[in-house]
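Reading through the structure tokens given below for one structure.
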Amino acid sequence: MKKLQEAHLRKQRPVTPDLLMTPSDQGDVDLDVDFAADRGNWTGKLDFLLSCIGYCVGLGNVWRFPYRAYTNGGGAFLVPYFLMLAICGIPLFFLELSLGQFSSLGPLAVWKISPLFKGAGAAMLLIVGLVAIYYNMIIAYVLFYLFASLTSNLPWEHCGNWWNTERCLEHRGPREGNAVLPLNLSSTVSPSEEYWSRYVLHIQGSQGIGRPGEIRWNLCLCLLLAWVIVFLCILKGVKSSGKVVYFTATFPYLILVMLLVRGVTLPGAWKGIQFYLTPQFHHLLSSKVWIEAALQIFYSLGVGFGGLLTFASYNTFHQNIYRDTFIVTLGNAITSILAGFAIFSVLGYMSQELGVPVDQVAKAAAMTMLPLSPFWSFLFFFMLLTLGLDSQFAFLETIVTAVTDEFPYYLRPKKAVFSGLICVAMYLMGLILTTDGGMYWLVLLDDYSASFGLMVVVITTCLAVTRVYGIQRFCRDIHMMLGFKPGLYFRACWLFLSPATLLALLVYSIVKYQPSEYGSYRFPAWAELLGILMGLLSCLMIPAGMLVAVLREEGSLWERLQQASRPAIDWGPSLEENRTGMYVATLAGSQSPKPLMVHMRKYGGITSFENTAIEVDREIAEEEEESMM
């Protein structure tokens, strides 16, 4: 009886011709149009913004930027820094966000835009995997110091411990009346340096990178705790990590402001700030300063690691990433500058206490000289912990998202289990970093895992999108997504300025290559070769991916290259309601000659974004007419 009623209802419904049917109207067709809904989304706009801020504002903002600033001209360093931010940082940041948000895909699947370059996505995963292994070891060191700060007297404050040597000297200047007598720091070692090298690392137990020694079980447990924290925070993907960042992305600013206020009120603070900011404009004539500024921007914003692309892929289709780009990139730069004020104000105070120049106290432990030093030490290392965790969330989410997008039917329902397996595997691979000589392996990974290989990946991505896919087509996609096209500034940077700058960085890093070292230890030739191969492997994935893509096509070599470089048939917005304009016809099962009419019939009315789609279709038609004339 029920079947007869359904048949009667079907007879009463108006019949829609097949040519005007959307895939969802064809009930018997099993399609993948719900993938974006299955993979999850941010629960709010602030989730994405704070995740990007947390990802970009990391450990490098606190110690790398201040160091690079004062060694490259002080305040004058800000000139090349902001210029490189405009040429490389902002445009590449916006490009990566646009790719992710438009497609709702991770670093591997996003190369439906041009399957010939899918190897660049695989190279991204290799790089981010290697970085995640050693980056979590840095977080483990931070946890070690965090726990060590839970005491009335910091263990690295005084000499006389079993790990100290005869060279240990407490760096506190002797006083004569109210004057501070200059302290001779040559041939001495501070308690904090020996605590780090001889107790935390126990590096004297290693005979080099080839004989790293025994596992340090306290570091091993700290590394385990770091991976457990990361796993629990990414357990439910962006739905869980998106909430954690409300704390981890904002709390460091609170601590940074507290340290800044405390630092500038200390006697002698102005001496450090003056040393930090005094412009030495003659440094601008050196190419090294411009290269250092570009490197700081490049690595600080995290372009090319896939984290930005992954985060943007969980956005709604019309999220205003143009505005978010400027908020995050400029906020990152301002944070770096503020961190420099906080660090150098304390170094100025130490300089006055010790009676030595500021540049000679940079290695000493700043927190040990502050009143209530355990309290400030705990806050400082807790700030470093939250800064590091945000970046680690991004690294792991990038890997998990990329692989699950490639195998959605198998892995998306078991994403939590897959995330756990990734964490366990990376913990086991990172155990060598917990040995007596683990620091040597960490330096090797840091020097080579994301060096020239990362630059090659970003240059390839930029050229593939602008030259192969086409700058006009890419700008149309952004127009459809945001309601406006990128201006001349972005186009000029994507086409010429950004790739040229990155190419100059790549050439400079090769020409000025220096073997890795840690203190007085020089790495053996085999270790250097291993590091170079590590960097080359990510580069080789790009031609390997091209070879695979070409072999999958048919025809002559030129025909195969052309077919592999074209976008896949299902390239475009992931959700059906966002496929307006020319992309409606690319849905599986769609044969409509009037795709926008189909879209209007199904979803009703014309929104401002459908108006944009009409404009895009009109532009395409005009270009086709011009090419036929």
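Note that the numbers count up from 1, one per residue, in the order the chain is shown.
Cβ coordinates are placed from backbone N, Cα and C, and glycine is handled just like the others.
Just so you know, TrEMBL annotations are computer predictions that nobody has curated.
Here TrEMBL flags 48-66, 78-99, 120-147, 215-235, 244-270, 290-314, 326-350, 375-396, 417-442, 448-469, 489-511, 531-551 as transmembrane segment.
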Cβ-Cβ under 8 Å with the transmembrane segment (78-99): same-chain residues at least 6 beyond its ends:
69, 110, 113, 284, 289-290, 292-294, 296-298, 301, 303-304, 308-309, 311-312, 321-322, 324-326, 328-329, 333, 337, 458, 461-462, 465, 474, 477-478, 481, 486, 489-490, 493-494, 497-498, 501-502
Which listed range (290-314, 326-350, 417-442, 489-511) shows the maximal number of Cβ pairs under 8 Å with respect to the transmembrane segment (244-270)?
326-350
What parts of the chain pack near the transmembrane segment (326-350), using Cβ distances under 8 Å and only residues at least 6 beyond its ends?
49, 52-53, 56-57, 61-63, 65-66, 69-70, 78, 81-82, 85, 89-90, 93, 171, 253, 256, 259-260, 263-264, 266-276, 296, 300-301, 358, 361-362, 364, 366, 369-370
Short question: most Cβ pairs under 8 Å with the transmembrane segment (417-442), which of 48-66, 215-235, 290-314, 375-396, 531-551?
215-235
Check the transmembrane segment (290-314) against the transmembrane segment (531-551) for contact, please; criterion is three or more CB pairs under 8 Å, pairs 6 or more apart in sequence.
no
Residues of the same chain, at least six outside the transmembrane segment (48-66), with any C-beta under 8 angstroms of its C-beta?
42, 138, 238, 241-242, 245-246, 248-250, 252, 276, 296, 299-302, 307-308, 311-312, 314-315, 319, 324, 327-329, 331-332, 335-337, 339-340, 343-344, 383-384, 387-391, 393-394
When counting Cβ pairs under 8 Å to the transmembrane segment (531-551), the leader among 120-147, 215-235, 375-396, 489-511:
120-147
